[in-house]
Structures are given as C-alpha cells and as structure tokens.
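Following: one structure in structure tokens, then a few remarks.
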Amino acid sequence: MKVTLPEFERAGVLVVGDVMLDRYWYGPTSRISPEAPVPVVKVENIEERPGGAANVAMNIASLGATSRLVGLTGIDDAARALSQALANVNVKCDFVSVPTHPTITKLRVLSRNQQLIRLDFEEGFSGVDPQPMHERIQQALGSIGALVLSDYAKGALTSVQTMIKLAREAGVPVLIDPKGTDFERYRGATLLTPNLSEFEAVVGKCQDEAEIVERGMKLIAEFELSALLVTRSEQGMTLLQPGRPPLHMPTQAQEVYDVTGAGDTVIGVLAATLASGNTLEEACYFANAAAGVVVGKLGTSTVSPVELENAVRGRAETGFGVMSEEELKQAVAAARKRGEKVVMTNGVFDILHAGHVSYLANARKLGDRLIVAVNSDASTKRLKGETRPVNPLEQRMIVLGALEAVDWVVSFEEDTPQRLIAGILPDLLVKGGDYKPEQIAGSEEVWANGGEVLVLNFEDGCSTTNIIKKIQKDSDK
C-alpha cells in the first residue's frame with residue numbers, strides 16, 4: 001500500500017468526551033511497611049498529565065494538527081492543572097464547568113517502572129445537561145475535518161446520537177472509541193475503534209480471524225457504521241469496511257512498557273490523518289505505527305512527527321532512528337541486554353558529504369550499534385558562526401537517521417556532548433580528525449567505565465566549509 005505522508009498542519013480535529021487528569025507518583029521501594037504487608041514508596045517525583053479524551057487531544061496536537069477539546073470538569077485545582085497542561089501543548093480547550101462535581105483524577109504510584117496501585121477520584125457526570133456541549137460542537141463543525149468521541153463511560157457522552165447527527169449533517173466524519181456493550185448508542189458513526197476485549201464483549205468470543213471478520217461485518221451492518229477497526233494488542237489491528245476485503249496490520253511494537261493511553265493514540269492519529277485528507281487505509285497504517293511507538297513509553301504518551309516518520313519506515317522508536325536522550329538510554333539498555341557493542345560519535349553534520357558517509361560506515365564496523373550525537377542549531381552557531389548551520393537540526397538528524405550505518409541519532413544543546421556521553425557511556429567512543437584521544441569530549445568518562453576511545457581519519461578532500469565556499473562562489477558568478 002502506497003502511503004502519502006499526512007499534511008497534519010492542514011488538519012483540524014474536535015475531541016469530545018471524558019477528560020481526566022492522570023497523576024503519577026514515582027519513587028524507590030526498599031522496605032515493607034510495618035503496618036501491612038505492602039511496599040513503602042519514597043515519593044521523589046510527581047507528574048501530572050492530561051488523560052482520557054484530553055490525551056486524545058494531546059496526541060492530535062503533538063502531530064502539528066489543530067486540536068480542540070470539549071469535556072466536563074469540576075471547578076477545582078485539577079481542572080486548572082488540566083487546562084494549563086493542555087494549553088502548554090497547544091490544545092484549545094472549551095470545557096463545561098460543573099460546580100457540583102470534581103474533575104476526574106486518576107493517581108498511579110510507580111516504582112522501578114512498575115505500577116503498584118491506582119487510586120480514582122471521581123463521581124461521574126451522568127445527569128449533567130448535555131446542551132452546552134452540543135452548542136460547542138455546532139460552533140466548531142465548520143472548521144474541523146473530523147470529530148472524535150472519546151467514551152470512558154464517565155457521563156460526558158450521554159447524548160452520543162445527537163452529536164453524531166450534528167456532525168453527519170455537516171459532512172464531518174465521526175470516530176468513536178467505544179465503551180461498554182451498548183453499541184446501539186453509536187449507530188451511524190463513521191468508525192468505531194474497539195479493542196478485541198470490547199469487541200468480543202459485544203459479539204462473543206472469536207476463535208479465529210475469520211470469525212472476527214464475519215462478526216465485525218455483521219456489526220457494521222446492524223449499526224449502520226461506515227467502518228470498524230478492531231485493535232488487537234500484540235496481533236496488530238484489523239480494518240473492516242462494507243464491500244472491501246479486510247485489512248490486517250501486524251503490530252510494529254518492539255518493546256512494550258505500558259499500554260496506558262495506546263487507544264487514545266490510535267484514534268488521535270486516525271482522526272488527524274483523515275482530517276489531513278488521507279484515506280482511511282492510510283490513516284490506519286499511521287495509527288498502527290504510532291501505537292507501536294507509544295506502548296514503548298511509560299504512562300499516557302504522545303507521538304511526535306519525527307517518531308512517526310521513523311516508525312512508518314520500519315525504524316521503530318525503541319529500535320532505530322531519531323530519538324530523545326531518554327529514549328536513547330532505553331534503546332542502549334536493550335542493546336546491552338542483547339550483548340551488543342555500542343559505538344558513539346558526534347558532530348555538526350551540516351551538509352552531509354562523502355567523507356561523512358565513509359567515516360560513519362567505518363565507525364559502524366567497529367561495533368553492533370552506532371549512535372550519532374548532533375549539535376543543536378544554537379550549539380552550531382556558537383561553534384561555527386552566525387551563518388551556520390545551513391540545514392536545521394531536524395533535517396540534519398533525519399538525513400543521518402536514513403543512513404544504513406547509523407542506528408540512533410540524538411541532539412545536544414551544549415558546545416560538547418560530554419554530559420550526554422557520560423549518561424550513555426558507550427563501549428567505544430570515536431571521533432574523526434586530528435584529535436588525540438585524551439582531547440575528545442567524554443573520553444575520561446568512557447575510559448573510567450572500561451570503554452575505549454579511538455580517532456578515525458576523515459576522507460581527504462571532503463569538507464563542509466569548502467562545499468559552502470564553492471556554492472557561494474558559484475552563486476556570485
């Protein structure tokens with residue numbers, strides 16, 4: 001299937017549903033409580049993240065699309081924290097405040113990347129007048145390409161049929177992440193995205209793929225749906241549409257750390273891709289790739305365009321490509337468990353030339369994995385002058401990540417990558433040029449950890465500076 005890269009900046013999506021605040025308490029455990037046979041967690045870090053429908057909206061915004069969110073909250077600190085967190089990531093919120101109810105909050109306590117307990121603070125919003133939400137939907141319909149209804153059965157979507165009717169009359173597709181077994185509520189929707197458990201709770205246990213397809217097609221006909229996407233965890237996802245053969249996509253996940261919010265990512269990417277003008281098949285392709293990325297992260301998470309770019313070309317976030325420092329540490333840890341030798345180098349790599357490619361290929365031959373650390377734009381200006389870099393950081397990193405010799409690409413803001421190298425501690429640190437090993441940033445830390453430091457020669461006659469001078473000279477003719 002040929003997939004067109006979505007123009008997410010063109011897309012506008014409205015998310016309506018159950019919003020909540022996810023709180024995370026992190027800390028080590030080293031003893032058992034004397035009061036009860038439970039571990040004692042010394043809380044050292046607290047995080048607050050938007051959850052539920054708010055996480056869907058964040059996933060849409062993280063792709064660069066215009067994301068609007070309508071939901072019910074209380075008038076409390078949790079609502080204010082939720083609004084601020086969403087504003088920080090460019091989600092446009094239009095909440096209906098309900099003074100008699102608290103904002104739904106879920107508190108998770110974690111230690112060593114394991115969730116120990118979850119505490120829920122909620123009363124549900126059933127019985128709240130839905131008219132203010134209908135008015136907000138009506139106002140937004142002229143500026144969106146998709147409507148997402150994110151149902152967590154907390155009371156925000158008690159009038160789903162009215163919402164579907166409003167959108168369909170305006171020609172806007174309606175995507176629903178369902179909850180419960182009453183799918184009659186979702187009659188006439190464009191697409192439902194149940195997971196396998198939710199699907200089987202409605203149609204019964206399916207013994208094989210054929211039964212999933214047969215019962216799914218009956219569900220589509222019964223509830224007048226345009227399509228059905230069944231997400232199947234480690235088995236990927238299956239798209240069913242009337243008059244078309246089923247489309248099954250295997251999972252792209254490399255490592256699974258946490259499935260929290262994965263369904264939010266799927267429907268968010270689906271909606272943003274459809275609103276960009278892509279087909280439903282293409283939207284599912286991107287959503288499947290995004291799901292493979294997000295389950296490799298801890299807690300509710302989003303996927304950036306760079307991560308999605310890596311994933312769709314088969315370079316999953318936990319395995320290969322452009323990544324953040326924290327993601328790189330996870331990938332390196334996984335490589336070490338496999339007994340792989342990690343090589344690391346760094347540079348500006350402004351205009352990639354034959355000398356760079358040859359150098360990186362030679363560096364890769366010295367181990368099993370190659371990390372390339374790249375100076376940020378600000379760092380490059382300080383080192384090379386105000387006219388550099390010619391190519392911005394994101395473009396430099398994407399080009400490097402596309403090289404067969406390069407496994408991981410990461411950026412750093414400082415003048416040297418010493419701090420980054422000290423955090424990664426590669427088995428072998430290499431640098432090109434006329435350096436002495438002791439002059440290379442990070443060499444002391446690598447040696448102290450038992451690693452090696454090596455200087456490689458650049459190919460003669462290749463220089464970014466000379467290329468720039470030649471371009472300038474030719475343009476002056």
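Cβ coordinates come from backbone N, Cα and C, glycine included.
A quick note: this is a predicted structure, and the numbers were derived from the prediction, not measured.
Database features (Swiss-Prot):
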REGION    1-318  region 'Ribokinase'
BINDING   Asn195, Leu196, Ser197, Glu198  ATP binding site
ACT_SITE  Asp264  active site
REGION    344-477  region 'Cytidylyltransferase'
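Sorting each residue of the region 'Cytidylyltransferase' (344-477) by its DSSP state yields 57 helix, 26 strand, 51 coil. Applying an 8 A CB threshold to same-chain residues 6+ apart, the list for Asn195 (ATP binding site) reads Val230, Thr231, Arg232, Ser233, Gly263. Neighbours of the ATP site: apart from Asn195, Leu196, Ser197, Glu198, residues of the same chain with C-beta atoms within 8 angstroms of the site's C-beta centroid are Pro194, Phe199, Glu200, Ala201, Val230, Thr231, Arg232.
Taking the recorded positions Glu198, Asp264 in turn and counting surrounding C-beta atoms within 10 angstroms, the largest count is reached at Asp264. Per-site Cβ counts within 10 Å over the binding-site residues Leu196, Ser197 peak at Leu196. Glu198 (ATP binding site) falls within a helix when secondary structure is assigned with DSSP. A straight line from the CA of the residue listed as 'active site' to the CA of Ser197 (ATP binding site) spans 16 Å.
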